[in-house]
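S.K.: Please read through the structure below; I'll follow up with questions.
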Amino acid sequence: MSLNKYMHPRNRYKSAKPSFLQLALKYPDFRAITTQDESGKVFLDFKNADALRALTRCLLKEDFDLTVELPMDRLVPTLPLRLNYIHWLEDIVGTDGKKWGIDIGTGASCIYPLLASKMNQWNFLATETDAENFYHAEKNVANNNLSHLVHVKSSADESILTSPLQSFMDTEVFDFCMCNPPFFADHMEAQGLVTTRSDDRPEAGSVSTASPQECIVAGGEVAFVRQMIEESSVLREKIRVYTSMLGKKSSLAQLKEELRHQKVAKFSSTEFCQGKTMRWGLAWTFDSSVTFPRSEFEGRKAKPPLLYVIPKGSSSVEYKVHELARHLRQILESIKVHCYQGKQAKSFTSITLTAAENTWCNQRRLRRQQKWKNSRSATESQQQDNKCREERKDESSQTDNDTHQIFNKDTSGRLPKDNKENSDMAMATEKEKPSLADESSESHITKMSQKRSLDDTSDTENGNAKRLCTEISERGNGFKDHSENSSSQRDKTKGNESSTLNGINSSEVKHYTVYAITKTPERSETDDFEAKLENGQKVSEDPNISKESKSVPNEDEAHLSGIMENVSEVVPSTSFEVPSQPKEYILKCVMRLKRSEDNINLELEWLDGKSRELMHQVFTFLKNKLAQI
Ligand SMILES: C[S@@+](CC[C@H](N)C(=O)[O-])C[C@H]1O[C@@H](n2cnc3c(N)ncnc32)[C@H](O)[C@@H]1O
């Protein structure tokens, strides 16, 4: 299939194929390497280097009025591809005013500077390491009277951009740099003995004319462009836009990773389509005012968003666009996916999702692990309870003895002041007039003693489930003191956790408290107070504080945990953070919720990231969550 329809719209060869017949009639050199059939049609053998050389020279002359020498053993540039690259650059830097560019590895033809200076009067610094190429490049520039615009510079291997720029004084800053790097890593790759070309792709239609020193570099194009990226992070805005062509699509992902790592302001890629070949363009900048054009080819592939009709019948979330959006947002933020609220209307909302890491896979496994941890700690606390109960039994028999002593001592029947509990006990004793050996009295006192027990199993078993809010950092004992200790504890936790977040500024991280929802007996304030004592915790004398320690979270806070599914279960609880928008991300997509007649649709549309597969995973994750509500 010809890719010509995806050529740059301004590429002159997109709609007007060169006429071999016209060229053969006009240029004897070209005529010499062509064949003609009986009908008069002219043919060219694209596997013949001489034929390619003759074609390029003719077209340069015919269409650009350039006279170019192309030495026998050097790369013959194909023009449609070179024009695609130049037009893409024009789209990025514009064609108005004077422009300065750098062509890294200009080759013997000096093709990019010759074409671009001829077309746009752009100024060029053209570098070249190969002596023969350097010689021919200088000659080609001079032969076309372009020396006032194009400066060819012999360059050393060790630095791609830094040293050529050091001694070049004609301009302070450059609008762009461009490069067609040596693409192969070794001779095996150059000879096609190892290839990334898939089996179902047709063989290349033309022969490679490049010499080894032109097309081979240690590490291949990825290593070469990676070095450019590293040097660019030092030179930064000395060059406004850095670009390179790439021969393999697989190189793009690796280099984009490097660009993320170097924290460039922006980067973009494009496809150069011509004939049966495709190449890729990568551009990056440290100047955030630069805008990159959208690739025509990518636009062709624009896929419709993923769509899911949210089922009705949920009891915990209202079937309303904004309620569902809020619910999904809370779930996503709980797994560290950044949510940016975009457009909103009555029946529509859009949120941009940015994820620095894959946190949506293995959620089931993580939940299982957490459940297992919880059940283990439940067993431990059960053992602890049993122990306490044993001790309390001893205590109550001790209390019993004490009560006996009260009866024995206080024969006047006066109650000890400021001791409600003793008062109750005494009143009970008064009312029931138990004998010192009365069993019912003993069991009553034991019951009261048990009522104070924090985790009385009979109370738990009565199924009187109630939410207990517990800040996770203090989860061990089940109660929290909202005094200063608590916030400093939170700050400590914040410090530890923030530093582990990938690419997220810790100072910008908002903290949320997750509440455990657990089955627990009803308790009085006194119970809480005493429970703290039993747990050896400092008890605040401010009654408001102890009240606050029991406050139930509102629905919002509970939702934030994303753990509303099993209210009556002991559920895993974790502390999570809502991160600021990560600069480095693996996925960026738009989530939309739209009302359509009676239904509400969830849409996910791809923006950018490592692969679309990640968006599909998030989509499935959200669908599962919606199915649970
Ligand atoms: C694939 S060729 C491209 C030639 C030309 N730009 C074109 O597009 O036809 C790569 C060129 O880069 C040159 N080269 C390799 N390493 C270089 C470096 N570090 N600095 C400048 N040129 C280099 C090679 O000698 C070769 O001429």
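Cβ coordinates are placed from backbone N, Cα and C, and glycine is handled just like the others.
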S.K.: From the candidates Asn48, Asn145, Asn180, give the one listed by TrEMBL for the same S-adenosyl-L-methionine site as Arg82, Gly105, Glu128.
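M.R.: Site partner of Arg82, Gly105, Glu128 for S-adenosyl-L-methionine, according to TrEMBL: Asn180.
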S.K.: Please give me the CB contact count at 10 A for Asn180 (S-adenosyl-L-methionine binding site), counting all chains in the structure.
M.R.: 25
S.K.: Would you mind checking how many other C-beta atoms are within 10 angstroms of the C-beta on Glu128 (S-adenosyl-L-methionine binding site)?
M.R.: 25
S.K.: Please work out the helix, strand and coil residue numbers for the compositional bias 'Polar residues' (375-385) from the DSSP assignment.
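M.R.: Output for the compositional bias 'Polar residues' (375-385) reads 11 helix, 0 strand, 0 coil.
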S.K.: Taking the Cβ of Arg82 (S-adenosyl-L-methionine binding site) as the centre, how many other Cβ atoms fall within a 10 Å radius?
M.R.: 22
S.K.: Rounded to a whole angstrom, what is the largest C-alpha distance between any two of the residues Arg82, Gly105, Glu128, Asn180 that the record assigns to S-adenosyl-L-methionine?
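M.R.: 17 Å is the greatest Cα spacing among the residues binding S-adenosyl-L-methionine.
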